[in-house]
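Trainee: Just dropping this structure here.
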Ligand code: DX5
Ligand code: ZN
């Protein structure tokens with residue numbers, strides 16, 4: 001299976017999300033990663049279900065919503081209504097994460113489970129028969145542009161062993177660029193989220209640098225597989 005590249009719109013122009021999404025998809029994005037932050041679970045605020053719903057008609061690939069909020073459950077139906085394809089919640093966001101995964105699937109979305117760098121990957125073991133994806137954070141969530149945490153590579157390798165032959169994707173998020181991409185794919189990652197390394201140069205009006213950055217990531221990632 002080839003690696004998927006999921007640009008994070010956290011690094012795009014917040015006043016122009018619709019055109020940014022169209023531009024980055026035309027430049028080769030596989031998924032669109034949407035970072036929802038509540039100023040409580042993480043020390044930053046972004047946006048909620050109405051923004052995701054407004055964005056949805058502009059997304060032709062796959063809308064991958066990463067919730068950095070607590071609690072989660074009261075918002076699951078709103079994100080289903082917004083058209084999320086994958087809804088990822090943090091294992092640290094509450095005591096009833098299994099219920100959150102069940103409710104996410106019952107609402108018709110794929111269920112993702114995210115882990116902070118301070119959480120052992122062994123904690124996902126009881127949830128592996130319900131999740132579609134596990135997101136191993138490679139920075140502490142909350143902000144783009146942070147430095148990749150190399151110790152998370154061992155967690156990705158261990159997660160790959162725990163997953164075995166189940167059809168569960170491994171996603172990584174934070175500090176992914178052409179230097180770190182081959183490290184995470186060698187460890188077992190399938191979906192690479194990248195914000196600043198894709199949106200650093202270019203714009204919706206001049207999007208070719210987005211394409212160059214996606215190609216550079218994809219090429220680098222393939223050397224790790
Ligand atoms: C961080 C977010 C990421 C962020 C990654 O909390 O979950 O998706 O956009 O940004 P970069 O790629 O710049 O590290
Ligand atoms: Zn994210």
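The backbone N, Cα and C atoms fix where each Cβ goes, and this holds for glycine too.
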Trainee: The divalent metal cation site in TrEMBL lists 33, 35, 66. Which one of 173, 177, 190, 201 belongs there according to the record?
Mentor: 173
Trainee: Need one residue: from 2, 8, the one TrEMBL lists with 66, 142, 143, 144, 145, 173, 174, 175, 195, 196 for substrate.
Mentor: 8
Trainee: What binding-site residues in 142, 173, 196 place CB under 6 Å from ligand 2?
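Mentor: So the answer is 173.
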Trainee: Across all chains shown, how many C-beta atoms besides its own are within 10 angstroms of the C-beta of residue 173 (substrate binding site)?
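Mentor: Its Cβ has 25 other Cβ atoms within 10 Å.
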Trainee: Considering only the binding-site residues 33, 35, 66, which residue has the minimal Cα-Cα separation from residue 142 (substrate binding site)?
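Mentor: Out of the listed candidates, the nearest Cα belongs to 35.
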